[in-house]
Structure formats: C-alpha cells, structure tokens
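Note sheet for the following structure.
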Amino acid sequence: SELIKPYLGSKYKLTEVPKSLIFYMSKHSGPVNEIEWCPVREQSHMLLSASMDKTVKVWDAVDTGCCLRTYSCHSCAVRAARWSSCGRRILSGGFDSMLHLTDVETGKQIFSSKNEFRISALKFHPAESNIFICGGFSPEVKAWDIRTSKVLRVYKAAVQQTLDILFLPEGREFLTSTDAVSRDSADRTVIAWDFQSAAKISNQIFHERYTCPSLTLHPKEPVFVAQTNGNYMALFSAQRPYRINKKKRYEGHKVEGFAVGCEFSPDGTLLVTGSSDGKVFFYNYHTARIIRTLSAHKEACVSAIFHPVLPSLLATCDWAGGIKIWQ
C-alpha cells in the first residue's frame, strides 16, 4: 500500500482520535464477530473479519475498501479468526467445532481438525508461531501444534465456557476469561495459567460478579484490561499476583451481554472500546477519562481496533454485519 509505505521506516507517532469515516464495507450478511489488521507491517492494509454468516473475509481496508477474498470453509458461524505472524495464513474456528488454517492466497486448507467443542476464542503463541490456543464451550482449553495437527496440552478449568484468551509477554503465561460467576463471588472469572506445565497460577484475580468478554494487553506497560459485563473496563497488573487497580475504572460505554472488544492504541496512550449502543469510546489510559465518543454504528459495535502503523486509522465492526474505517 502506497499509503502505508511512508510510515514503515519511521517511529509510530502519537495516536490521534479519528474524526471522519473513510470506508463502509458491508459484504457480510450476518454479525461481524472479530476483526484484525494483518500483523506484517508491509501488508497491514489488509483487514481480516469473521462473521456469523459462516465466512471469513480479507479486505483492503486502507486503499480501496474492497473485499479481496472470501473464505467459506465453515458450516456454521465463525466466532474467531486470527492472522498467522507471517501474514500468509488465517486460523479460524467456529460453532461447527472446526479449526481451519487457510492459505490466504490459494484459499486451500493447510490444516483442518474437528474439535470436541464449539470454538469462541483463538490466540497464536507470541513466540512460537506454530502453536495456538483454542477455547470455547467447554471446561477445557487446548494448545495445538500446527506442524503435527495434534493437541499439545490441555488446560482444565471448572467452567462452562472460555470467552477470551490473552498471552502475557513472552508467552510463558496466559489468561483465560470464563463465564464462571457464582452468586457470592466470581473466582475463576479470570484464570492465569503456566503455558508449559498447564498448571493454574491463579484463579483469584477478579472478584466482582461480572463476566469479562474480552482481555487486552498494554503495548508498553506490564498491565492488562478486562472488559466486563458491568459496563466498565478493569485494569490489572500483568505480573503475579495480577492485582486489580482499584483507582482506575474505565466506564461510560455499554456491554449488555455482547462480546465487546477493547484495545490499546499502539503508543499506549488511548484505550478504545465498542459499545452495545453502537458508539465507540476513547479513554485516556492514564486518567481513565473519556476523551471522545464516536457515533459509529446503529447496532452494537463489538470491536474497534487501531491500525498498527498509521497513527489515527481505526477499524470498527457491528452486529448488523458492517465494517467501518475511520481517520
């Protein structure tokens, strides 16, 4: 992309809050569950989307706003899709319990496997590009190796569903958020795991009676944020014992049972989240104050993600099947 080229050699400048709509992309016929920019900087004009319409799409979301390719390997809703670190493959999982690793150019499946449960979360290991973790409608979370097409390790939690997975830096530990909320407390809502031994490090991280549909890591500081169904985002230390920061709460947006995603800007200054009323909220990470809201969608906005290279480009998606690009 000619638009991205000038930024490749330079340092990421301060993130600005986008003001205007550039592209509205509406080829999906069902809600969009997840979007992700291609992690390869030179190819970061490409945006991946996973939808309830059973498809995964790749878009040129920087230059043209066109759909480049549609992948229809799933027979049910696609709940999770991720780029591989090389940007040449897409890992997807859905309610058909199938896992597919698809070659972006040819559209052929490099790896396909039937999982024992419906899939709702996928994450590649940050240091080992052939390994990913898969969670969903099951008490188990699994680590897979693409090279052998086999399960490496199983992590057993006394829960019904894994909502999100977050690797901590270097990948020695990871967190899962679950739907385990009892009447008196919410132990096991966020669980920390040792990746190698599959041992639970802690399940006493978040004590409020809300599930956390998404987790995100700060790009520079050892902290992470959990989106909660209490209509606020909570801040935690990303180092043991993963204590909550009781002085900071990011509130104002609405979650209301949607799997609303949240993310930091690449420079770490802003925290952005979708909202079930269709808005996008931008918070100052340090003060937890709302900087601006964007009336982005008519239906629930479930994801808002900053471009990794271009300082103010933002992609958002909604429950009506639309994707919008803002600058």
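Each position is counted from 1, following the chain as shown.
The backbone N, Cα and C atoms fix where each Cβ goes, glycine too.
Within the model, the repeat 'WD' (25-60) carries an average pLDDT of 97. What TrEMBL records for 25-60 (among others) is repeat 'WD'.
What TrEMBL records for 264-293 (among others) is repeat 'WD'. Residues 12-15, 17, 216-221, 225, 227, 233, 248-250, 252-258, 299-306, 308, 314, 316, 318 of the same chain sit 6 or more residues outside the repeat 'WD' (264-293) yet have a Cβ under 8 Å from a Cβ within it.
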